[in-house]
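Take a look at the structure below.
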Amino acid sequence: MASESETLNPSARIMTFYPTMEEFRNFSRYIAYIESQGAHRAGLAKVVPPKEWKPRASYDDIDDLVIPAPIQQLVTGQSGLFTQYNIQKKAMTVREFRKIANSDKYCTPRYSEFEELERKYWKNLTFNPPIYGADVNGTLYEKHVDEWNIGRLRTILDLVEKESGITIEGVNTPYLYFGMWKTSFAWHTEDMDLYSINYLHFGEPKSWYSVPPEHGKRLERLAKGFFPGSAQSCEAFLRHKMTLISPLMLKKYGIPFDKVTQEAGEFMITFPYGYHAGFNHGFNCAESTNFATRRWIEYGKQAVLCSCRKDMVKISMDVFVRKFQPERYKLWKAGKDNTVIDHTLPTPEAAEFLKESELPPRAGNEEECPEDDMEGVEDGEEGDLKTSLAKHRIGTKRHRVCLEIPQEVSQSELFPKEDLSSEQYEMTECPAALAPVRPTHSSVRQVEDGLTFPDYSDSTEVKFEELKNVKLEEEDEEEEQEAAALDLSVNPASVGGRLVFSGSKKKSSSSLGSGSSRDSVSSDSETSEPLSCRAQGQTGVLTVHSYAKGDGRVTVGEPCMRKKGSTARSFSERELAEVADEYMFSLEENKKSKGRRQPLSKLPRHHPLVLQECVSDDETSEQLTPEEEAEETEAWAKPLSQLWQNRPPNFEAEKEFNETMAQQAPHCAVCMIFQTYHQVEFGGFNQNCGNASDLAPQKQRTKPLIPEMCFTSTGCGTDINLSTPYLEEDGTSILVSCKKCSVRVHASCYGVPPAKASEDWMCSRCSANALEEDCCLCSLRGGALQRANDDRWVHVSCAVAILEARFVNIAERSPVDVSKIPLPRFKLKCIFCKKRRKRTAGCCVQCSHGRCPTAFHVSCAQAAGVMMQPDDWPFVVFITCFRHKIPNLERAKGALQSITAGQKVISKHKNGRFYQCEVVRLTTETFYEVNFDDGSFSDNLYPEDIVSQDCLQFGPPAEGEVVQVRWTDGQVYGAKFVASHPIQMYQVEFEDGSQLVVKRDDVYTLDEELPKRVKSRLSVASDMRFNEIFTEKEVKQEKKRQRVINSRYREDYIESALYRAIME
């Protein structure tokens, strides 16, 4: 049968089917038939129903239907790679939505053919964000319609509701989607890799793109290459439905795809593991849901689910395996069922069509589910506009990531149109019979003098008239730019409701000004503002949320020391104060420089393009004398005392430093840049990194931490080669050590061909005998260096982290082109080494959070423990300074001090403020964790919440046991028991005599650093309501401001001499 299936639709093109009314009556059987013709190989198929079939007589009576949570789709990105964010809007009716969709602002542009409209879509994707009425619970089918009724398809997926009484909205109940021009659905497969059906009730067409399931892994690899940050945070990040990749990019990287246009009155069927995306041509209404066949069961068992959110859709496969694969049930439960999926095979129900040339006589609806699979499943009752609700409805299909923002985003001007090449496929007509099938295809945030920017933080609208002098970096002529990233700023003070999501963190590099030179930098805006929505609390701390990396609250541990025998420590208040002082100093400089414009006509003396022989006497005399050397007090800098570039060269110290770094995970001088991130996010390094004691001097292979995207992405173009040189098939690379300086690197990180990876290998600097050359982009020696394009040298890690630095030969990782680095970067002062050097040197990077001006050299930041992590296209590295690390820091459980009875602590009183109190008793309370049948979970249930057994008497259920849980709404839901968690509880007594029982997370010791939210609400108990009722604070009297007559009007009128005397 495998050989037969391979001959079916070998080109994996999207197929279109025209069933007769008789053929149309049996849904499950017809799905089996189209798979027997190979339709599933494309991942998408179109079915045109008979002309006499109508799901609804008229759509004139739906204008009052409410769209409860419309979303505005903000898209950021460029060059065919985009990320889509959703801003939740207030509820509206279909009538109101139609009026908006057909308005001049949102209506479909004029076009002569589909290819022209497609080009306009991809070019204007980032402008004028449209509104999508998505995920509206309900159906537009009339009650009497039985054929292909999306509300009751009667497939084996209905077993979920039959067995457990659970409905998952949008999965086994229908959803309505009201679209307008440019509303999109990003690349994704269905939840649990299910089938889906989509019917376009009325309105403008909908365009679909599809990648065949057998090539789905290739699309995933491409997406992970362009979005490594999201991929590291969640293996299945495409399920977030946020990633848009244009067909031009797919074609460029050889990803097979097809496209088709769905007209009103047509069905689209997506198949398991079929990646699809698309957009709406204008106002329309579609209805969809998921379904399953027996072929899906294997996909469901192996589906890779989203790991960053526990409320994503998850369906227990137990009932399906037990019923349809009983012979493999025990093997599957033991985790030994390692079946390899063949994407070319049709569903088992299609066997009859592979043996016959014509369809046998049709059976009635009672036989729709083959082999009586659905015996006992009854039709549910549905109203015209109401959803069929089960008795126990718990969850929804998905929670869209939204920002609740009341303001409208202003419409922007469209960029000039460009052509988008697309393939054409021949279309052949065929009769309505089933046998013949018709294949169809239809910049730097500078706070110094020299750069000034207008402040958009107080406005939600960004006018493109103000950005007319912004010129994006030119790309290669053969790769036409499809869209430019839209730079938006949302007023933090106007954000109403909860802020759930924020957009991209950084702005892509661009040349500002009207000139054509890429090095020219001038603008009227204060900073390069990222596309993000920021919430600002009472304390003024800027909080940036990012769904792709979890919930945005970065959990950060102590910075790790990279000296042998040293231990991790927390930063002292003095060090944090220094960072804060630097930040305030930068803000003062920023305020002073506002409005000033100075030409950058002269290169800074420390710019790498300045020839080495032109160094002034000033610079050569920077080396400190022994009397001038101060004793190093900061722990992170003590091992580096002999490595600062203002000290005399010390090759032995460099060698010792390199040897020390080689013994610490990840054992690569280049990968060290992401060391802090991996320790914080992943609790250290996985087994692929190995232990220092286990590493042999040579031939050890480990997995590099740096994605290939970090070497290929630059701010200068989009001609990217995502090849992975010198990487093995399992993603590992050999570690090599220089026999002269002992620096250790991955062959892939440094560009070492396998033939040269030997014990006699030497790094580029040692091979050139340039032992006294230092990195021109930082202040430290040691590490892995490569030659720059001006005969100077740079750290590979510095070149990776600085967006504008470019590897000329990507495979060899050299030379490094530093000529495109903006000059203002070289004026930034590193907060770590500015007190250790007399002059500014090197090139700094800045914190990626909002407008934070904190700057540091890459090597200094890496040594001090600043968290740097891979970012998504078109950026490279996302950097979090200590200032932004602290507010989001969740106290590590292991770092919490033990508390004893009688100890004075700080806790929250019932009045909402924090007071000192005393611990009077310690108790232990047990909480249960369960996973509900709809995929949701709870980890703070009391034992008495389990109603299926008496847990107080008999103890907790066995792990994995099915239980019944009484929820806070009084309903009882099915769930599986996960674990019981004994939690230490503390009974505290306040000075007013009141007592509370709290968890350890809600208690703070007196010597513990308090979060700002606690500091702002910390009070002292007193008998008086107002402490200062009888005392007054000394008020510092300021000199009265002198009143001066406006000189412009001094001579315009006559005033009395007395009045003039008073005024002056």
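Glycine is treated like the rest: Cβ placed from N, Cα and C.
Listed features, source Swiss-Prot:
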BINDING   Y132, N198, K206, K241  2-oxoglutarate binding site
COMPBIAS  366-382  compositional bias 'Acidic residues'
COMPBIAS  616-634  compositional bias 'Acidic residues'
DOMAIN    14-56  domain 'JmjN'
DOMAIN    142-308  domain 'JmjC'
DOMAIN    897-954  domain 'Tudor 1'
DOMAIN    955-1011  domain 'Tudor 2'
MOD_RES   S523  phosphoserine
REGION    358-384  region 'Disordered'
REGION    501-537  region 'Disordered'
REGION    597-638  region 'Interaction with NCOR1'
REGION    616-642  region 'Disordered'
ZN_FING   709-767  zinc finger
ZN_FING   772-805  zinc finger
ZN_FING   828-885  zinc finger
For the domain 'Tudor 1' (897-954), the mean pLDDT of the predicted model: 86
Tertiary neighbours of K206 (2-oxoglutarate binding site) (same chain, Cβ under 8 Å, six or more apart): G179, N198, L200, T261, Q262, M268, G278, F279, N280, H281, N284, A286
Site extent for 2-oxoglutarate, whole Å (max Cα pair distance, Y132, N198, K206, K241): 17
Local Cβ density at K241 (2-oxoglutarate binding site) - other Cβ atoms counted within 10 Å: 19
Near-site residues: 2-oxoglutarate, ref Y132, N198, K206, K241, CB cutoff 8 A to centroid: A134, Y177, G179, T183, S184, F185, G278, N280, A286, S288
K241 (2-oxoglutarate binding site) in three-state DSSP notation: coil
List of residues, in chain order, with Cβ under 8 A from that of Y132 (2-oxoglutarate binding site) and at least 6 apart: P70, I71, Q72, Q73, Y177, F178, G179, M180, T183, S184
The domain 'Tudor 1' (897-954): DSSP-derived helix, strand, coil residue counts: 7 helix, 30 strand, 21 coil
The zinc finger (772-805): DSSP-derived helix, strand, coil residue counts: 6 helix, 9 strand, 19 coil
Number of other Cβ atoms within 10 Å of the Cβ of N198 (2-oxoglutarate binding site) across all protein chains: 23
